[in-house]
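> This is the structure I have questions about; it appears just below.
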Amino acid sequence: MEAAAAAPRRPQLLIVLVAAATLLPGAKALQCFCHLCTKDNFTCETDGLCFVSVTETTDKVIHNSMCIAEIDLIPRDRPFVCAPSSKTGAVTTTYCCNQDHCNKIELPTTGPFSEKQSAGLGPVELAAVIAGPVCFVCIALMLMVYICHNRTVIHHRVPNEEDPSLDRPFISEGTTLKDLIYDMTTSGSGSGLPLLVQRTIARTIVLQESIGKGRFGEVWRGKWRGEEVAVKIFSSREERSWFREAEIYQTVMLRHENILGFIAADNKDNGTWTQLWLVSDYHEHGSLFDYLNRYTVTVEGMIKLALSTASGLAHLHMEIVGTQGKPAIAHRDLKSKNILVKKNGTCCIADLGLAVRHDSATDTIDIAPNHRVGTKRYMAPEVLDDSINMKHFESFKRADIYAMGLVFWEIARRCSIGGIHEDYQLPYYDLVPSDPSVEEMRKVVCEQKLRPNIPNRWQSCEALRVMAKIMRECWYANGAARLTALRIKKTLSQLSQQEGIKM
C-alpha cells in the first residue's frame with residue numbers, strides 16, 4: 001500500500017527536471033519500452049518522454065507502456081499526460097521518465113478495485129471535510145475570547161481582602177497614605193513620593209469599580225490598605241497626556257488642599273496591553289458638574305465652592321521663588337468637569353494634562369507636545385479668534401480666569417434662596433448646540449459678544465450680587481482687564497467673612 005502511494009508522487013517531483021533534460025539542444029532520441037511495438041522489438045524512439053501507466057477497474061488491470069512526443073507535453077513543466085487520474089470506476093497511475101527503457105517497470109497496484117473507492121467524496125463526507133476546519137477555527141476563537149475575558153475579570157476582580165504579600169517591605173505595616181504624604185512634604189523635596197514607593201503603591205492597589213469614562217480612558221475607585229483612592233487609567237494612545245499630567249503633579253511645591261492630591265503614576269501590563277495609571281485622592285462626590293446636576297447649594301455652599309476653586313487656581317498661577325520654589329502654572333482646560341468636590345463641600349482642581357509651566361528665569365513656557373485642545377465651550381475670546389499671544393504666559397492665566405467665571409455662573413445658578421433656583425445648565429446652553437464647534441463659539445463670544453445670562457433674582461442677594469460682579473469682570477473681551485485669581489480669592493474671602501462662613 002505504501003509503495004503504491006509513493007509511486008504517483010515520484011513523477012510529480014521529477015517532471016520539471018525530466019522535461020528540461022529532454023529539451024536540451026543536441027540531445028539524442030530517447031528509446032522507450034513500447035508494449036504495442038512488436039515489430040520493433042517492443043521499442044520506440046521519441047524526442048519527449050517514456051511513459052508507463054496502470055489502470056485499475058472493478059474487474060481488471062490494464063498496463064500501458066509507450067513513447068510521448070515532445071509536442072504532447074502540455075504544459076511542459078507539468079504535462080497532463082504524466083499526471084495520475086481518477087474517474088468513476090477506474091484509477092490510473094502514471095510514470096514518466098527520460099532514460100532509455102526507463103519505463104520498462106511494473107507499477108504497483110492496490111489490488112481489487114471497488115466502485116466505492118473511486119466514487120470520491122459523497123455529500124456527507126464533503127460536508128464533514130468543510131465543516132471540520134470551520135468548527136476548529138470557531139472553537140479556537142471562542143477559546144481565545146474566553147481566555148482574554150478571564151484575564152480581564154481576574155485583573156479587575158474585587159477580592160475579599162487585599163493580598164498583604166504584594167506589599168514591599170520598605171513600606172512598613174500600618175503606614176497610611178497620609179503618613180507617606182506627610183513624610184514627603186516635610187522632607188523638603190515637595191516633588192512627590194519616590195518612584196519606587198509610587199510603583200509599590202500602584203501595584204498593590206485593588207480596583208473596585210469603574211466610576212467614570214472620558215476621552216483619555218476611564219477612572220476607577222480602588223483600595224490600598226483599606227484606603228480609597230482614584231485610579232485614572234489612560235489608554236495607550238494618550239501616553240503623552242498621562243506623562244504630562246504626572247510630570248505637572250510632581251512639580252515642586254504644587255501640593256495644595258484645593259488641587260487634587262497626587263499619589264502615584266505607573267505603567268502596568270494587564271496581560272493584553274499596557275495600562276497607564278495615575279493614582280490620586282478619591283472624592284466620592286465626583287466632579288463639580290455631577291455635583292451641581294444632583295444638588296442645589298446654599299449661599300454658604302456656593303461661596304465655599306467658588307472660594308476653594310479660586311484658591312486652587314491662585315496657587316497654580318502663583319510662582320514661589322526659592323531653592324524649593326514652584327513655577328507659575330496655567331491650567332488651560334478649566335471647567336466644571338475638571339473640578340472635584342470634596343467631602344467637606346470645597347473644591348479641588350484636577351486634570352492637569354494640558355497645563356503649562358512658566359520659567360521666569362528664561363521667560364519660557366513649556367507647552368506640552370500634546371494633540372489635545374481645551375474644551376471649546378470654555379475657550380476665552382482670544383483663544384477662539386486665535387489672537388492669543390502664545391509666548392506670553394499671562395495670556396494663559398487670563399484664559400483660565402475667563403473659564404473660571406463660567407464655572408462660577410454654573411455654581412450660582414444652583415444657589416437656592418427661598419426655594420428658588422435655576423436648573424443646572426452648561427454655559428451658553430441657549431446659544432450653541434451641545435457640542436459646539438470653534439466657529440460656533442467664536443461667532444457667539446467674539447462677534448456677537450454675548451455672555452451667559454445673569455438672572456434678575458441675583459440682585460436680591462448680596463452674595464449673588466458679588467458673584468455676578470466677579471463673573472462680569474472675568475468675561476471681559478480684553479484679557480488684560482480681567483481680575484487675577486488672587487484678587488478673586490481675596491474678594492470671596494471677604495464675602496465669606498461677612499456671611500460668617502468658616503472654611
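Each position is counted from 1, following the chain as shown.
Glycine residues also receive a Cβ, built from the backbone N, Cα and C atoms like all the rest.
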> Among ASN41, ASN344, can you tell me which residue Swiss-Prot lists with the annotation N-linked glycosylation site?
ASN41
> Based on the record in Swiss-Prot, give the one of CYS67, CYS82 in a disulfide bond with CYS96.
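Its disulfide partner, as Swiss-Prot records it, is CYS82.
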> According to Swiss-Prot, CYS32 takes part in a disulfide bond; indicate which of CYS37, CYS50 is its partner.
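Among CYS37, CYS50, the cysteine that Swiss-Prot links to CYS32 by a disulfide bond is CYS50.
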> Pull out the recorded positions from the set CYS32, GLY217, LYS391 whose C-alpha sits within 10 Å of the C-alpha of CYS67 (disulfide bond).
CYS32
> Using C-alpha atoms only, work out the spacing between LYS213 (ATP binding site) and CYS32 (disulfide bond) and round it to an integer in Å.
82
> So, in DSSP terms, is ARG215 (ATP binding site) helix, strand, or coil?
coil
> To the nearest Å, how far is the Cα of CYS50 (disulfide bond) from the Cα of GLY217 (ATP binding site)?
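It is 73 Å, counting Cα to Cα.
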> Could you check which of the recorded positions CYS102, ARG215, VAL219 is the closest Cα neighbour of ASP333 (active site, proton acceptor)?
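Nearest in space to ASP333 (active site, proton acceptor), counting only the recorded positions, is ARG215.
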> Do me a favour and check the Cα-Cα span between CYS44 (disulfide bond) and ARG215 (ATP binding site); whole Å is fine.
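Here the two Cα atoms are 83 Å apart.
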> Might you list, by sequence position, any residue in that chain lying six or more from CYS32 (disulfide bond) with a Cβ less than 8 Å away from its Cβ?
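Listed in sequence order, they are THR43, CYS44, GLU45, THR46, LEU49, CYS50, PHE51, SER65, MET66, CYS67, ASP100, HIS101, CYS102, ASN103.
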> Tell me, by DSSP, whether CYS102 (disulfide bond) is helix, strand or coil?
coil
